[in-house]
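Scroll down for the structure; my scribbles are underneath it.
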Amino acid sequence: MTFVVTDNCIKCKYTDCVEVCPVDCFYEGPNFLVIHPDECIDCALCEPECPAQAIFSEDEVPENMQEFIELNSELAEVWPNITEKKDALPDAEEWDGVAGKLQHLER
């Protein structure tokens, strides 16, 4: 099993989760983070660290966000690895909690 970054990370990109990951399985796009499913060891350290509550265990991803399972896998293959915490995006607080942000995902 793996953990999955979902919709609410888009346009927020808090990186608190990256800092606690023991296997460095996070990958960074312009306005979103993903978890590489083959590298995640299912330790669950990242989930409570996410201020946006955007990380779920794969078997607990909400029904309306199932597409993020495949999206994490796909984008982790092309985006660079991130291993250190960075500042969140400048307007993260404004976007935190906004529903339906997939259309704003920058690849």
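For all residues, glycine too, the Cβ spot is worked out from N, Cα and C.
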Additional site residue, CYS9, CYS43 [criterion: listed by Swiss-Prot with CYS17, CYS50 for [3Fe-4S] cluster]: CYS9
Between CYS17 ([3Fe-4S] cluster binding site) and CYS46 ([4Fe-4S] cluster binding site), the C-alpha gap once rounded to whole angstrom: 5
Distant-in-sequence neighbours of the domain '4Fe-4S ferredoxin-type 1' (2-30), which means Cβ under 8 A and at least six residues beyond its ends: 36-37, 39-47, 49-58, 61-62, 65, 68-69, 72, 75-76, 79-86, 88-89, 91-92, 95-102, 104-107
Cβ neighbours within the same chain of CYS21 ([4Fe-4S] cluster binding site) - under 8 Å, at least six residues apart: LEU45, CYS46
Within the domain '4Fe-4S ferredoxin-type 1' (2-30), residues counted as helix, strand or coil by DSSP: 8 helix, 6 strand, 15 coil
Secondary structure content, the domain '4Fe-4S ferredoxin-type 2' (31-60) (per DSSP, counts of residues): 6 helix, 6 strand, 18 coil
